[in-house]
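Structure first, commentary second.
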Amino acid sequence: MDAIAVISIFVLAVFVGFEVVSKVSSTLHTPLMSGANAIHGVILVGAIIVADAANTNLELGLSVAAIILSTINVVGGFVVTDRMLEMFKPKKGGEQK
Amino acid sequence: MKDLIFSLIGLTAGVLFILALKGLSHPKTARRGNLLGALGATVAIILVFFELEKIENLGWIIGSIAFGLAVGVPAARKVQMTNMPQLVALFNGVGGGAAALVAIVEYLKHSEDMTVAFLIFTVFTVIVGCVSFSGSIVTFLKLQELMTTRPVVFPGGRFVIAATLASVLGVSVWVVQDTGTNPLLILAGLSLLFGILFVLPVGGADVPIVISLLNAFTGLTVAASGYVLDSTLLIIAGTLVGASGTILTRLMAEAMGRSLFGTLFGAFTAKPQAAAAADEERPVKSGSPEDVAILLNYARRVVIVPGFGLAVAQAQHTVREMADLLISKGIDVAYGIHPVAGRMPGHMNVLLAEANVPYEQLAEMDEVNPTFGQTDVAIVIGANDVVNPAAETTPGCPIYGMPILKVSDSANIIFLKRSMRPGFAGIENELLYDPKTTLLFGDAKASLTKVVSALKGL
């Protein structure tokens with residue numbers, strides 16, 4: 001990938017990241033942090049790529065560890081966020097803000 | 001053609017992540033947002049299997065994913081609401097660790113023919129990933145109370161931290177020039193050490209801010225590894241988390257009246273604190289559940305201030321039972337929710353929502369503070385730091401400047417506490433010695449159950 005493309009993607013993603021969460025009530029700080037936490041678990045994709053290309057036992061061992069850790073991150077992250085949010089579901093007569 | 005389709009699918013996953021963060025910012029769409037994020041991750045992971053070049057390691061890959069699932073899912077399912085914050089810290093830490101490992105493997109394979117730019121990004125990922133990993137483990141230990149929750153500051157600490165940081169930077173230059181294995185391992189070790197030293201001086205209410213900050217760090221490492229692995233999706237996902245995590249950290253710091261800078265560089269500015277004047281016997285007024293019931297029964301307005309003690313005791317259902325009983329007696333009841341009550345912002349809202357407390361009874365700090373003057377009884381359940389007037393009156397104490405719930409304005413204050421032990425931040429609370437304060441010692445749930453039965457008898 002050429003440098004300009006990478007920098008463009010990076011800068012645009014920074015602005016999108018800033019924009020989407022700029023007005024969030026403190027009630028949602030924890031679930032939002034937890035959800036973002038789960039999203040960076042997609043490093044699993046990177047872990048799979050390096051595991052696939054691993055040639056030595058050391059490389060394979062480290063990649064296997066990376067896959068395990070990132071799977072825990074991504075799956076656990078989304079499940080725990082869902083459990084937090086489950087409790088925010090609208091109730092009869094209750095108005096969500 | 002195949003590449004184009006893969007790129008477009010990857011882009012779809014990136015868009016799903018943006019929609020996920022967008023959705024998570026509003027209560028109505030939050031749950032859907034999270035599911036969109038999970039969908040995005042699933043798409044990205046399925047996609048990568050179509051891009052694999054070798055097949056021989058496939059068994060290892062699938063086996064490791066299965067193992068990770070077997071660990072992660074039950075942990076996330078079974079954790080009690082009380083322990084949620086430390087689990088999030090732990091998940092964040094393992095993510096950072098994974099990013100660092102990916103970068104290390106990539107380095108072992110290609111360090112000889114990496115360009116300087118690649119080496120710099122690899123070094124960045126290893127440093128920040130390791131800091132995020134060890135730092136998150138320390139926050140986990142703090143929140144789980146496996147170690148002291150107070151700031152850990154030792155003499156000369158800031159010089160040790162500065163020296164560690166300087167060596168991290170020095171070794172980084174060495175790694176880029178030498179491209180050997182040993183320098184990188186030394187760098188990883190030093191970064192792990194720096195992560196520990198960075199988080200140790202952080203105490204009490206600042207811990208959630210640090211978790212959020214480390215979360216943003218991990219996001220940036222993922223973006224950097226995306227560059228190294230030539231994966232646009234990882235760059236997008238990682239940058240999104242890094243940017244939104246930074247904003248979120250700032251919002252959280254603002255909600256708690258802290259400067260982000262102060263929290264960030266707390267490690268460098270923290271001074272060893274004089275030990276609190278201990279062993280001082282001062283009179284406190286403790287009451288029986290019946291006394292508390294009578295106070296509540298004849299009140300016109302009651303504000304319930306929940307804190308971590310409520311979460312520990314799992315007393316959210318009992319507190320709701322008490323509130324319903326009071327409402328049925330015609331008493332005006334509100335819950336005063338401090339943004340950082342508990343161990344994380346929003347912790348109390350989640351807990352009370354679990355007990356089906358109507359949303360309109362939950363009042364945020366700015367709404368409820370002006371009403372304490374007309375409140376007959378403020379009942380503080382397992383909270384301490386969030387009502388501690390020291391935040392307003394004692395410059396230099398760790399929570400100084402944090403907005404508090406002004407329960408001291410109400411006519412009577414009831415504290416339900418396990419003991420006289422100070423709160424998470426480790427600061428004495430003057431309010432406990434106030435003549436209008438009544439203390440009811442014991443587990444919050446047990447105490448509330450007794451109060452409820454006493455109320456029924458009145």
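First residue shown is number 1, and so on along the chain.
Heads up, the Cβ atoms here are built off N, Cα and C, so glycines get one too.
Annotation source TrEMBL lists domain 'NADP transhydrogenase beta-like' at B:9-453. On the 0 to 100 pLDDT scale, the domain 'NADP transhydrogenase beta-like' (B:9-453) averages 86 in this prediction.
Residues annotated as transmembrane segment in TrEMBL: B:6-23 (among others).
The transmembrane segment feature in TrEMBL is assigned to B:35-52 (among others). Long-range Cβ contacts of the transmembrane segment (B:35-52) within its own chain (Cβ-Cβ under 8 Å, at least 6 residues beyond either end) map to 6, 9-10, 12-17, 19-21, 23-24, 58, 233, 237.
Residues or ranges marked as transmembrane segment in TrEMBL: B:58-76 (among others).
Feature annotation from TrEMBL assigns transmembrane segment to B:88-108 (among others). Distant neighbours of the transmembrane segment (B:88-108): 72, 114, 122, 125-126, 128-137, 139-140, 143, 181, 184, 188, 191, 211, 214-215, 217-218, 221-222, 224-225, 228-229, 344; these residues of the same chain sit at least 6 beyond its ends, with a Cβ under 8 Å from one of its Cβ atoms.
Marked as transmembrane segment by TrEMBL: B:114-141 (among others). Outside the transmembrane segment (B:114-141) by six or more residues, the chain places 86, 89-90, 92-104, 106-107, 147, 168, 172, 175-176, 179, 184, 187-188, 191-196, 198-200, 202, 207, 210-211, 214, 217-218, 220-221, 224-225, 227-228 with a CB less than 8 A from a CB of the stretch.
Marked as transmembrane segment by TrEMBL: B:153-176 (among others).
Residues 10-11, 13-14, 17-18, 21, 40, 44, 208-209, 212-213, 215-227, 259-260, 263, 340, 345 of the same chain sit 6 or more residues outside the transmembrane segment (B:233-253) yet have a Cβ under 8 Å from a Cβ within it. What TrEMBL lists as transmembrane segment is B:233-253 (among others).
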